[in-house]
């Protein structure tokens, strides 16, 4: 088993519904450590930059509007197989297909407002972490 880091966003819908603590509890209960965290209200430019890979997709404008509609929590998670572990905790992208007990199954209302984002691979995790956090903002936990 490998200790990995992954990136997570609690999206505006879940922040507005006060699900931050419950979601953090799920991360920690699954053995993931939160080693960096902050609340930000994304600008249009930040959202467009973060989701640049989707810029040609028809949903891009709506995604940017949603992600700038309110504050988000961004965090770095660390643990064994963190990328896969977080994706399992999140559940299917479409909440209608997400199992109960997953974040999207329990907290998401629609595919457009699906509560959380998580990196899909180690490479994207490294890129996404660097987008929001400087090296000195990430605090490895040794205890």
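The backbone N, Cα and C atoms fix where each Cβ goes, and this holds for glycine too.
Annotation source Swiss-Prot lists active site, pros-phosphohistidine intermediate at 117, citing sequence analysis. Secondary structure at residue 117 (active site, pros-phosphohistidine intermediate), taken from DSSP and collapsed to helix, strand or coil, is strand. Sequence-distant contacts of residue 117 (active site, pros-phosphohistidine intermediate), defined by Cβ-Cβ distance under 8 angstroms and a gap of at least six in the same chain, are 8, 9, 11.
Residue 87 (ATP binding site) falls within a helical segment according to DSSP. Around residue 87 (ATP binding site), the same-chain residues at least 6 positions away in sequence with a Cβ under 8 Å from its Cβ are 118, 120. Per Swiss-Prot, ATP binding site is recorded for 11, 59, 87, 93, 104, 114, and the stated evidence type is sequence analysis.
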Please list, in sequence order, the residues in the chain of residue 93 (ATP binding site) that are at least six apart in sequence and whose C-beta is under 8 Å away from its C-beta. 104, 111, 114
Long-range neighbours only, meaning 6 or more apart in sequence with Cβ under 8 Å: which ones does residue 59 (ATP binding site) have? 112
Across all the protein chains here, work out how many other Cβ atoms are within 10 Å of the Cβ of residue 114 (ATP binding site). 23
